[in-house]
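The topological domain 'Cytoplasmic' annotation in Swiss-Prot covers 1-60, 129-137, 204-437, 507-513, and the record cites a curator's inference as its basis. The feature transmembrane segment is assigned by Swiss-Prot to 61-81, 108-128, 138-158, 183-203, 438-458, 486-506, with sequence analysis given as support. Taken from Swiss-Prot, the feature topological domain 'Lumenal' covers 82-107, 159-182, 459-485. Under the heading Zn(2+) binding site, Swiss-Prot lists 125, 129, citing sequence analysis as support. According to Swiss-Prot, the feature active site maps to 126, an assignment based on sequence analysis.
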């Protein structure tokens, strides 16, 4: 498409229109499918900045040129990998790049993070184009933000005649500048995430315990945990980071689904075994409700939980089935080999209880896991000052979760940052907001790199590919044009099929964002 006029660079689309005359005012456009806001206040400052540091910027954007061409090749390979025969592979690849799975449910707050991140990353992208053009002596005509149908975007407008007069190498520096700036911005986000614990260390502890940021009303933990609570352990295993929380939940769920009596190595000297029991006094058992057998299942009334004798080797088992209050039982001494141990002890001693007690375990159905969650209330100043000295604190609590552990672990929002007691009454969510903002900005910026590297029409990839083909001097103009058309048609078709597969057909659910 060759029309005299200026070229507009944008991360979504590119148009060329008639050249502006010197006294013509820039007017905003609005229609049923497109509207924009044009801004020309930054023309002179950006142009002066680009001309002042022209030499340095040309070196900087020459590096970006190499990155842009390499990105075009790598993104094409990524595009082809989307048609990998293994759906799980494609799903993980998409999640790694975009930060979410196609079937992921995005919350309202997540949408807000995406919108803010989009504004920031598009600004960085267009600033790259504007500075690169200024270093070549080309002043932009205006900056614009727009919405085309439902897709937001941004652009900078240049005089197309001046762009066409540039050597292909110089033009490539301008075309690759946007994705180069987005790539550098991704690196800055990663660096900021890495330094975040150090920067926030005067005000927040990091990696000691998990702090609850939010418990949605649909979460099974709603009513048990509150924002600001500190999760100490899951089934007796101390957790320090959200990733450890999810990993441990997956390990416990996997172990529960196994039918053998083997043990699972958790790292270090910790091992997980089968059979979680409690030493229950015989007097409490005799006072308990006996329950009823309904369709070969032991049923208890109300909120009572069914318990039975733990099967132990070399032990004189007294068969007992009784209904007890789980809130009272979890406070008792533990027995059985289903708890975390520091060594491989003799299984014969796992069921040993004090005289007058029996080792009982809760009856569980397949797919339902009995899990203890230990937490600390931090709503009072006294609890906050006690820190991790849980043994002397009456702020420590334990409750039992019975159900789908994987769904439960994803239903609550956690952070590894714990406010120091002076900041416990405000700013609890601040580290989480920073962390999510940086993470979301990283993924959006990376997505812009990939989108604008695609060999498709109306994106930066088209201009990069077109200028790159100009370097092949042995090809005639006709062959260059033909090669460009073949690459763009093929790239556009592959991109459409890939995104249709990713976002419309969907793939297996990965996680909640």
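Easy rule for this one: first residue shown is 1, then count along the chain.
Note: Cβ is positioned from N, Cα and C throughout, glycine not excepted.
Within the model, the topological domain 'Cytoplasmic' (507-513) shows a mean pLDDT value of 41, rounded to a whole number. For the topological domain 'Lumenal' (159-182), the residues of the chain that approach it from at least six positions outside its boundaries are 4-7, 9, 11, 16, 19, 58, 61-65, 67-69, 71, 121, 124-129, 131-133, 135-136, 138, 141, 445-446, 448-449, 452-453, 460, 463-464, 467-468, 470-471, judged by C-beta separation under 8 angstroms. Summarised by DSSP class, the composition of the topological domain 'Cytoplasmic' (129-137) is 7 helix, 0 strand, 2 coil. With helix defined as DSSP H, G or I and strand as E or B, the topological domain 'Lumenal' (459-485) counts 19 helix, 0 strand, 8 coil. Within its own chain, the topological domain 'Cytoplasmic' (129-137) has Cβ neighbours under 8 Å at 9, 42, 46-51, 53-54, 57-58, 61, 64, 143, 156, 158, 166, 170, 173-175, 177-178, counting only residues six or more beyond its boundaries.
In terms of DSSP helix, strand and coil, the topological domain 'Lumenal' (159-182) has 21 helix, 1 strand, 2 coil.
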